[in-house]
Amino acid sequence: MRVLLSVCGTRGDVEIGVALADRLKALGVQTRMCAPPAAEERLAEVGVPHVPVGLPQHMMLQEGMPPPPPEEEQRLAAMTVEMQFDAVPGAAEGCAAVVAVGDLAAATGVRSVAEKLGLPFFYSVPSPVYLASPHLPPAYDEPTTPGVTDIRVLWEERAARFADRYGPTLNRRRAEIGLPPVEDVFGYGHGERPCWPADPVLAPLQPDVDAVQTGAWLLSDERPLPPELEAFLAAGSPPVHIGFGSSSGRGIADAAKVAVEAIRAQGRRVILSRGWTELVLPDDRDDCFAIDEVNFQALFRRVAAVIHHGSAGTEHVATRAGVPQLVIPRNTDQPYFAGRVAALGIGVAHDGPTPTFESLSAALTTVLAPETRARAEAVAGMVLTDGAAAAADLVLAAVGREKPAVPA
């Protein structure tokens, strides 16, 4: 048996797919993954066949680059859907089920292909701000009508904008393969009941949300840390880690620079993750060390605190490691996870994406306090570690209930 995983998103989304692929492999199920070109090396490491689908995002979104004009945004939006119809049919050949992770627009195309082939379809998204709910508004960088505060209305507007942007391309491509048009484009992409790969302590399922919360899909990372990093860790007290992952755009380099200054003022050493923005150290002093991608599960257990952007992936790894966190949210679901860190008492949520020396100094005082460390370690013991196993069981249970393929 083989299952197709289709991922459209950042490295964190790819890791969600990798965790599920690993669990399915343990159950004797083969997988292949449609994923962005940048995922090639990671998928080769874990032995998952890779079907490149998408654009090299980390090359498109560099620090200081202006956003594309509206017509280019619309072209890219159409491409997101088009690429699924072009690549997924071939990738799904011989597969018994399809799981989409990440971008909802891509998921509408992936589900259409699964529908055509009569395959069970699951959609997975790790954040509640992407699932319509009367309790949480849409992601905070979504455009809204001035003066509208009713959460239900905000979600209705979100669904209408989504349909306007992606519906024409979706329904044109569906017609080409003999499928009827979709009216509720936003709801269609979610599938019959989304899988929610988020930990119930860190991101509890809200009432009235029809989803299956499996717990986080996390692959145990057994890779050793690089020798140079091990030497830096051994040379002094636990440092503070700074990293913004696959975030990019204006202000990240400045935020990292201010963070280094604030950490040094506390008498602490620094580890700086370069990330997609390719951050650089401010100088050549021996109290700072720059790294590329490493085993963060191992590293986070050996640092004094973690300063990060609040993505779902980084948030789950840091929380599971029991390390205090200072979250500087920038967009999408990051303010939600920053708020959860503060609510759980395992760190501090910075007010906005533009830190100052003063704001970070105050936050670090709380983050580095012994009581914050104790609370972070206590919460780490509550985090579920078998989310991918629960998801794999759901997928395999659905394989025997697939619908017949739609005739050409």
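Placed from the backbone N, Cα and C atoms, the Cβ positions cover glycine too.
Taking a C-beta cut-off of under 8 Å and a sequence gap of six or more, His309 (dTDP binding site) has these contacts in its own chain: Gly243, Phe244, Gly245, Ser247, Val327, Ile328, Pro329, Arg330, Gln334. Annotation source Swiss-Prot lists dTDP binding site at Thr10, Arg11, Gly12, Ser246, Glu293, Val294, Asn295, Phe296, His309, Gly310, Ser311, Ala312, Gly313, Thr314.
The beta-D-glucose binding site annotation in Swiss-Prot covers Asp13, Asp103. The Cβ of Asp103 (beta-D-glucose binding site) lies under 8 Å from the Cβ of Cys8, Gly9, Asp13, Thr80, each of these being in the same chain and 6 or more residues away along the sequence.
As annotated by Swiss-Prot, devancoaminyl-vancomycin binding site applies to Leu76, Thr80. Thr80 (devancoaminyl-vancomycin binding site) has a Cβ environment of 22 other Cβ atoms inside 10 Å. In the three-state DSSP scheme, Thr80 (devancoaminyl-vancomycin binding site) is classed as helix.
Other Cβ atoms within 10 Å of the Cβ of Thr10 (dTDP binding site) number 23 in total over all chains. Contacts of Glu293 (dTDP binding site) defined by a Cβ separation under 8 A and a same-chain sequence distance of 6+ are given as Arg11, Ser273, in order along the sequence. In sequence order, Leu55, Pro68 are the residues of the chain that are 6 or more apart from Leu76 (devancoaminyl-vancomycin binding site) and have a CB within less than 8 Å of its CB. In this entry, Thr10, Arg11, Gly12, Ser246, Glu293, Val294, Asn295, Phe296, His309, Gly310, Ser311, Ala312, Gly313, Thr314 make up the residues listed for dTDP, with the farthest two CA atoms of the set 18 Å from each other. Local packing around the Cβ, expressed as the count of other Cβ atoms within 10 angstroms, is greatest for Gly313 among the binding-site residues Gly12, Gly313.
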